[in-house]
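Checked TrEMBL, it gives:
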type	residues	note
ACT_SITE	E300	active site, proton acceptor
BINDING	H299, H303, E322	Zn(2+) binding site
DOMAIN	11-192	domain 'Aminopeptidase N-like N-terminal'
DOMAIN	227-452	domain 'Peptidase M1 membrane alanine aminopeptidase'
DOMAIN	537-822	domain 'ERAP1-like C-terminal'
SITE	Y385	site 'Transition state stabilizer'
Amino acid sequence: MGCICGQQEWIDVRVLQESSQLILHSSELQILTVSVKPLMENETLEALPFPEGQIRNYNYHDNWNKTLLLDPESGTVRVFAQLRAGVRYRLHFLYKGHLSNTLTGFYKSSYKDSHNKTRWLASTTFEPNEARRAFPCFDEPGFKARFQVNLASRDDAVALSNMPRRSLHNKTGARGWVWNRFEETPPMSPYLVAFFVGWLESRETRTANGTPFRVWARPEVMAQTQYALDIGPRILDFFSSLLGVPDPLPKQDVLALPHFVADALENWGLVSFGEKYLLHDVGVSPASRKQQVASIVSHELAHSWFGNMVSVSWWEDIWLNEGFATYFSAMGTNHVDPKWDTFSVTSVTAFLKVFSVDSLQSSHALTIPIGHQSELRQIFDTLTYYKGYYLLRMLNHTLGQETFLSGCRQYIRQHKFGVVNQRDLWKALTLQAHKNGSLAPGLELYRLMNTWTLRPGFPVVTVGRNYTTRSATVTQARFERPMEDVEARVGQAEFWWVPITYTSEPELDFDSTRPRLWLDPAMNETNLTDMPGPDHWVLFNVQAAGLYRVNYDLRNWKLISEFLNSNKYTDISVLNRALLLDDAMNLARVGLLPYEVALNVSSYLHHETHYLPWKAALHNLDYIARMLRLTDGITGYRRFILYLVQPQFRELGFEPNQNDSYLRSLQRKEMVRWACLTGDHVCVQKATTLFKSWMDGKLNPYLQRSVQMGSGVKSADSVAVFKAVASTDTGFNIAKEFFINNAEIIEKAYLQRSVQMGSGVKSADSVAVFKAVASTDTGFNIAKEFFINNAEIIEKAVGPVHLEQILEIIASRMNQPRHLKQPLHLPNLSPCDFFFWGHLKDKVYNSNPLTEELKENIHWEIANIPVEPLLLVGGLSTCRETAFSGPSVICEMLTISFQTLSAKRNIDSLAKFMCTSQPVVHRSP
C-alpha cells in the first residue's frame, strides 16, 4: 500500500486578465501529462516554451514538451499557455505519487486488530499547505472552489470524503475494487478537502434537522465513541441556532484515527481526531475526560462557520479561524454541561498562556506576514488560539454579548462561502455596536483593535492612588520579561487602546464589565477622581475582561492582601482572584513588585477552595520551585507550598472517583501532585501503596487511568518496575503520571519506552513522560542527558513539533549560565544552535523564545537565589503552627535572602515573609 497511480484531475478556471501562464501548486507528484482547453471548444492550446534563462533554476522534464515548469522548493508548477481574459478553461492533469509516511498530506498508517491482523488506513492532513502533495491545485485558503472527489477502493473497505457518496460501481479490469463517486462540495479552501480509505466501523445518529452524524473508529474502541456521538449533534444544533446560519453540508462524519499528527483537524464534513481525544471509557476514564472530549469536538465543529464557511484570504489572519473556534468551543462545551464552567477555565488557561508567551521580546503580532511556505506551521501557536480567543472575549465584554453575537451573525451572513481579513470583522462589529449604542460614534474598532493585533505584546496598567484626594493616576507600558533594566523599559513608547474597568471594596461590583473609559495611546497618563476611601482597596480589570496586567501602589496591594487573607475573600470574583495571583507573582518575577508582597497575596491560598486561583498560583509557584531546586532554599520553600496545599489535599483526598465534578477532579490532581512533591507523609504512603498494588496487578481499572503518584516509591524493585514499564502499555500509561525519586533506572525506563520505535506510544504521551521525569530534582538531569544523547532518535520517534515541546520542558528548568552553551547532538546543528531546533532554528539568536526564557532564568538566579540560607531562630514563638505532619511550624523554613547584584531593588526574604512578629500567614477566622 503506497502508490497513488493513474490519478486524474480536471480544474476549471476563469481567466480575469490575459496571461501566458497559470501558477498552481504541486509537490512530490510526478505529473505525466497536462492539457489546457477553453470550455465549449475542442482544441488543445499550443504549449509555449519556457522563458529563456529560467530552465536551469527548476526541474525540467523535456518529455512535457516544455509545457510545465516545476519549482520543488516552493511547491509550484507553471502551466504555459496563451490565456484570454474572460474565457473559462479546463486543465487536465495525469499524475502519480506515493502515500506519505509522515502523517501529513495523503498518508498511510495502520493498527493491529483484535486478531493481531494489520489493518491499513489512508487518510489526509492538508492544513495548511499539504493538499499539493495529493493533487495539483491552487493551494491557498483564498482560492475557494467546489470539489468533486472520486476514490478507488477495495470493495470491503470504507471510503469517505467531505460529501456523501453519490454512486458506487465496480472498477473495470480490477476485481475486488470499486469507484466511489462523491457529491460536489460547496465552495471551500483546498486544505479542507479530505478523503479516507480503510477499515473502521461506525455508529450513527442525527441532528435535530435530520443531518446524519457518524463516528468512525476501530471496532475495539467503538463503544468508547458513544459520548462523542451523543454530544456532537447537540453542539451542531446549538451553533446553528446561535449563529442563525445552519451548517450547509448534508452529513457530518467524524474519524477517530489511531495515529494522527494533531489533536484534531476540521476537514469540512469529515473531521479527523487523534483517537485519544474522542474516546470516553465509561467506568474507566477520569471525570475530566468528558469535558476534554466536548471541548475538542466543539472546537472542530465551530470551524464549520469560522474557517470553513467563512475563510481567511491568507494565513496571516489565521487567528480569525482559531480564535473564533476556541471562543465558540467554550460556548459549545458550556452548552453541553454548564457545571464545567468552561468559559472561566478557558479564560484562566488563556491568560496564563498568552501572558507567558507574549511577554517575551521575541513575541510576534497576532497578524503576521508570511513570507515562505515553511513558515506556515509556525503560526499555529499559543497566540493564534489563545490571544485570538482573549481578544474576542474582550470584545464580548466591551460591546456586550448581544451586540457581539449580532455582529458575528452579520459577519457570517455577509461573507458566507467567501474570504475575509480582520478588517471585515471590525467593520461588522462596529456597525452593530453603533446601531446598539455599545460604542461611541467617533470610535471605530479597527483603530482600537489594530493596537492589539498588529503589534506584539500587551500592557501593564499601573494605578497609583492618592489616598488624601481619593484620586488615582493610571499609566500603561508594555509588560516584558526578562526585565533586566526595569526602569529603562517603563518609558518605552508602545501603547494600546485599553478598556478600563474597576470596582472597589465598598462596591464589590463584579458584574459590570463594560469599560468606564479607554486608555488613549496618545496620552501619557489618565487621572481618575472616583477612588474609594483610604482604608478600602480598588481593583482594576473586572472579571479579567481585558488582556492586561495591573500593578498598584504598595498600600493598595496591602489592602487587597489583607482582604484575601480574611473570611471575606470570596467577595472577590474567582477570575479576579486568579488574575491577582498571576499579576502579583509575575510583577515580582520582573522586579516591578517586591516578592514579599506577591507571597503575602498568595498566602491566602491556605483557605482557597476553588480550582482556578490554584491553577494560576501553582503555575507561578512552580517557577520559583524550578529556580530554587538546586539551592538550600528549596527545603523551606517546599514547606511553604505544603502549608498552602495541605488543607485542600486533606479535604479532597488522594483517590479520584467517578462522582467527582470536573473542577474537583482537576483540583485534586494538583493537590495530590504538590502534596506528594513537598513530602506530605499521607500522600507519599498512599502513592507507594497504590504503585505496589499496580505492580501486583491489584489496582482497579479506574485508578489505572486516573491515579497520580508522588514521590516516595523509593524501595520498589527497580528491575521489576523497568520490565513492567518497558513491556506493557498499562504500565507505561500509569508510569507516565508518576515521578519517582532515587530510582534512576525507572526514570530512564520511562524515557526509553516513550521514544522506542514500534512501541505504540503516541508522541503526545512521550512529551508527558519527559515532563513527568523532568519535574523532579534528579529526573531533570536524567531527562536532559537522555535528550542530549538521543536527540536524533527522539526526533524520528515523535516528530519536530513534539520534539520542540520536549525541548521547551527542558529549557524551562535550566538556570545556569553554562546551559547557554549546552552541546546537543542534533543533526546538522552546532552546539550554539541548541535553541534553534524546530521552527526557531532560522531565527536570530537573541530573539529565540527558548533562549530568552533561559536567559531570564539565569537573571532570576543571579538576582534572587539565596546568598546565605540560615535556619531562622528568632521569632519562632510568634509563628502559628501548621497542619504539617509531625510537630512542625512554618518558621522552621530556611531564610531566603533575595538580593540583586545591581542593588537597584532589594527584595525582602521569604523568611521575612514567613516569620515576623506579626505573622502574615493566616487561617480563616
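Using the three backbone atoms N, Cα and C, a Cβ is placed for every residue, glycine included.
Help me see these features in their spatial surroundings.
The DSSP secondary structure for E300 (active site, proton acceptor) is helix. Taking a C-beta cut-off of under 8 Å and a sequence gap of six or more, E300 (active site, proton acceptor) has these contacts in its own chain: A264, L265, E266, V271, F273, A325.
The Cβ of H303 (Zn(2+) binding site) has E266, W268, N321, A325 as same-chain neighbours under 8 Å, each 6 or more residues away in sequence.
Within the same chain, residues at least 6 positions away in sequence whose Cβ sits under 8 Å from that of Y385 (site 'Transition state stabilizer') are W319, E322, G323, T326.
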Return the residues near H299 (Zn(2+) binding site) by Cβ distance under 8 Å, restricted to its own chain and a separation of at least 6 in sequence.
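The list for H299 (Zn(2+) binding site) reads A264, A325, T326, S329, given in order along the sequence.
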Let me know the model's mean pLDDT on the domain 'ERAP1-like C-terminal' (537-822).
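Taking every residue of the domain 'ERAP1-like C-terminal' (537-822) together, the mean pLDDT is 77.
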When you measure from the Cβ of E322 (Zn(2+) binding site), how many other Cβ atoms are you left with inside 10 Å?
26
To test your reading of the Zn(2+) site: which residues beyond H299, H303, E322, same chain only, put their Cβ within 8 Å of the Cβ centroid of those residues?
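Not counting the recorded site residues, we get E266, E300, A302, F306, G307, N321, F324, A325, T326, S329, Y385.
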Helix, strand or coil for E322 (Zn(2+) binding site)? Use DSSP.
helix
